[in-house]
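Only one structure is covered here, and it is reproduced in the block below.
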């Protein structure tokens, strides 16, 4: 049991330094070369007017962006799969292992954010004060070591048998249902097409009974005499498709919070550059403030797993303390509070800039950078609720053969959130400049109105919370998960009553 529990730590290790893996190793290597070799980067320039500096050549830009896109491909392949393989190491039919699995995603995110803390503090300082070669070289070396450790542990892992592309399986159900739009679904689910239990047992899969939700897709399992897989699908395949489609509305509701996360490394950091960052002889890199998000998230994850769950479990009788959707809802509420706080802090920053005549010049405001701490710290608290629950929810609710696709919903939410953030920034900047107005978002933040922009985000988060409440009202948890949670609660209760000696003999 202890060996199995340690396996998830090994699967988390590739993310400890760089949060990348697989093809990302090549991306990091190429990125390091692009800032190290003179032929792959523009010459140094100390001119205050950057327009006088030599621009990067087409080849240099191609190498640099090629490295970034390679990193993106590596991340897209790694993040959904490595968390999935970690969670798969726990046996759902063993009560003790299943109980440990409830904490897995808390500690998985802990390891992720521990690597982020290193990146936002040590690496940012090295990049700003030593150089980009060492700043990128260290994570490249760390990634190489983590890949070696991951490969060394591979023989110890539990591996699921490949079941083919989940997109193909889902497409077959949708196409089959559309081709039989005029066919009636029988009232008795037993009349629908399904494979024998032995067929599923051979592949180590579970058979899923038919459900009344998304009833149109049940047409794919109606027998019409044709056995073409694009015309007839077993009930389990239909239900797997339903499970993936049922999660899409929840995915949509997580896009707005993901957009808020995108502000950490953009507008929040740019705000920091306008403030006093000096502590004695040390100048704090503005990007290092992201470390406070990470630190508060690490603390909150530990407190949540060790204390909050135990206290909540006494009242709710739920082994998780609260449901995953309730945990996500708390995170969304925190995002509303964060944007209200950020708006008030920005209003104070602008008032001080006006008092000191720094609006037009865009000069440094005589305020410590630490006035931004509340919004960074609260963002870490929100991540401890929303981001952990989001990842666990999409894994937990995905069918057994589509777990990686389920966890990819979480990273998809972050990706869409970043695109949505760029869209909102550009759109609102353009709209607020119309009719001769100065606009809310300018290069000179002292002349901007980020307080209005953050207030807009607060309203957007509130509307999104209303949408979230509406969606979860109709969401039905995956049947076998709900049952297994009830069974787990009973098994854990029985284990406490029987005592550790009897439990050990059972194992």
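Keep in mind that glycine also has a Cβ here, set from the backbone N, Cα and C atoms.
All TrEMBL annotations are machine predictions without curation.
Annotated transmembrane segment per TrEMBL: 104-126 (among others), in sequence order.
For 132-152 (among others), the entry in TrEMBL reads transmembrane segment.
Feature annotation from TrEMBL assigns transmembrane segment to 247-264 (among others).
For 284-304 (among others), the entry in TrEMBL reads transmembrane segment.
According to TrEMBL, the feature transmembrane segment maps to 324-345 (among others). If one looks beyond the transmembrane segment (324-345) by at least 6 residues along the same chain, the residues whose Cβ comes under 8 Å of a Cβ in the stretch are 250, 253-254, 256-257, 260, 263, 268, 371-372, 374-375, 378-379, 381-390, 392-393, 396, 451-452, 454-455, 457-458, 461-462, 464-465, 468-469, 472, 475.
Below 8 angstroms of C-beta separation, residues 109, 113, 254, 257, 260-261, 264, 268, 271-272, 274-277, 284, 286, 289-290, 292-301, 304, 327-328, 330-332, 334-335, 337-338, 341-342, 345, 348-349, 352-353, 356, 358, 446 of the same chain, each at least six residues beyond the ends of the transmembrane segment (365-386), sit close to that stretch. Feature annotation from TrEMBL assigns transmembrane segment to 365-386 (among others).
The annotation transmembrane segment is assigned in TrEMBL to 407-432 (among others).
Positions annotated as transmembrane segment by TrEMBL: 452-476 (among others).
If you look at the transmembrane segment (407-432), the same-chain residues 6 or more away from its ends with a CB under 8 A from one of its CBs are 75-76, 79-81, 83-84, 247, 251, 254-263, 266, 387, 390-391, 394-395, 398, 438-441, 449, 453, 456.
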